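Visitor: For 9, 10, 11, 12, 13, 14, 72, 153, 154, 155, 156, 176, 181, 182, the entry in TrEMBL reads substrate binding site. According to TrEMBL, the Mg(2+) binding site annotation covers 42, 71. As annotated by TrEMBL, active site, proton acceptor applies to 71.
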Ligand SMILES: O=c1nc[nH]c2c1ncn2[C@H]1C[C@H](O)[C@@H](COP(=O)(O)OP(=O)(O)OP(=O)(O)O)O1
Ligand SMILES: [Mg+2]
């Protein structure tokens, strides 16, 4: 049974969610935010999964330990899948405010029923001695016309989730963690993990 995991992320919102989601399973999480002198990683893959693999493999090669990485983003149907893998650098590198503003601008005048979108999360675990383990999750919703709520991170205040009749900016962390793309990807990961770890 695994008790610790290193997650290759510098995103504080993700780190917070992973700590909570894994602590319920008795697994302690460390991220790059807990460490010094971590490398800059060039996320130059063509898919979410390729980018997660690049992040995890870089740290596995460096530290010779198993590493989990998350690559995620928001996929908007009306914009042919944009911002997708470019979500973090849509308008400015890691500038959530500019990114949200650009998304709203690009959807100006588009009626609600055409503003369908999903969050996607690819998770990859790399190990010095095994092939990578890959898991994925999505959650479907709509992009609202102006921000609602201050919770979560990134695009959460723009993502309306019909079953809750709220945006992810308006839900509690526990509500979001019960249904999110990240939660679904972790569920997928955990169904495959024990076999992968033992083999
Ligand atoms: O639950 C979420 N709620 C709101 N927004 C989200 C979520 N999940 C991903 N996102 C957005 C944030 C960022 O614009 C992009 C992730 O980009 P991504 O490269 O995977 O993460 P990042 O650069 O922020 O941190 P890192 O690469 O160190 O893990 O999608
Ligand atoms: Mg990134």
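Every residue, even glycine, has its Cβ placed from backbone N, Cα and C.
Any TrEMBL annotation is an automated prediction that lacks curation.
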Visitor: Sequence gap of 6 or more, C-beta under 8 Å: which same-chain residues meet both conditions with respect to residue 72 (substrate binding site)?
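Guide: Same-chain residues close to residue 72 (substrate binding site) (Cβ under 8 Å, separated by 6 or more) are 14, 48, 87, 119, 120, 121, 122, 181, 182.
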Visitor: Could you give the maximum C-alpha to C-alpha distance in Å for the residues 9, 10, 11, 12, 13, 14, 72, 153, 154, 155, 156, 176, 181, 182 that bind substrate per the record?
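Guide: Farthest Cα pair among residues binding substrate: 20 Å.
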Visitor: Would you identify the secondary structure of residue 156 (substrate binding site) according to DSSP, in three states?
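Guide: It is helical.
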Visitor: What same-chain residues, at least 6 away in sequence, bring their CB to under 8 Å of the CB of residue 13 (substrate binding site)?
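Guide: Set apart from residue 13 (substrate binding site) by at least 6 residues yet with Cβ under 8 Å, we have 152, 153, 154.
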Visitor: How big is the Cα-to-Cα gap, in Å, between residue 42 (Mg(2+) binding site) and residue 156 (substrate binding site)?
Guide: 25
Visitor: Can you tell me how far the Cα of residue 71 (Mg(2+) binding site) sits from the Cα of residue 11 (substrate binding site), in Å?
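Guide: That separation, Cα to Cα, works out to 11 Å.
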Visitor: Please work out which residue of 42, 156 has the most C-beta neighbours within 10 angstroms of its C-beta, and give that one of the binding-site residues.
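Guide: Of the binding-site residues 42, 156, the highest Cβ count within 10 Å belongs to 156.
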